[in-house]
Amino acid sequence: MKVLSLIFVLFSVLVLFASAKDPVCDQPKAVGRCFAAFPKFYFNSSSGQCEAFIYGGCGGNENNFNTLEECNAKCA
């Protein structure tokens, strides 16, 4: 019975860690302070989806992905 309880606890911990979202995904959209126009994607924590935006090319934050697939893999 103790072994079964231990297995259950370990499984629960693994599920919690696997479902933990990367803190990058909670950062706001940041277009940057320059004036280029690069199409990028960010995770919108309000809508729970990755969305397109135009990145200025410098500054910003880590919630900035080159492809929709990359954004979804990290955050969705």
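Placement of Cβ uses the backbone N, Cα and C atoms for every residue, glycine included.
Among the features that Swiss-Prot reports, signal peptide is placed at 1-20. What Swiss-Prot lists as disulfide bond is Cys25-Cys75, Cys34-Cys58, Cys50-Cys71. Residues or ranges marked as domain 'BPTI/Kunitz inhibitor' in Swiss-Prot (evidence: sequence analysis): 25-75.
Feature map: Swiss-Prot annotations on the structure.
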{"residue": "Cys25", "record": "disulfide bond", "Cβ contacts under 8 Å, 6 or more apart": "Phe43, Ser45, Asn63, Lys74, Cys75"}
{"residue": "Cys34", "record": "disulfide bond", "Cβ contacts under 8 Å, 6 or more apart": "Gly56, Gly57, Cys58, Gly59"}
{"residue": "Cys50", "record": "disulfide bond", "Cβ contacts under 8 Å, 6 or more apart": "Phe41, Tyr42, Phe43, Asn44, Phe65, Leu68, Cys71, Asn72, Cys75, Ala76"}
>> Across the domain 'BPTI/Kunitz inhibitor' (25-75), what are the DSSP residue counts per state (helix, strand, coil)?
In response: 10 helix, 15 strand, 26 coil
> Which Cβ among the disulfide-bonded residues (Cys58, Cys71, Cys75) has the fewest C-beta neighbours inside 10 Å?
Replying inline: Cys58
> In the predicted model, what is the mean pLDDT computed over the domain 'BPTI/Kunitz inhibitor' (25-75)?
Replying inline: 98
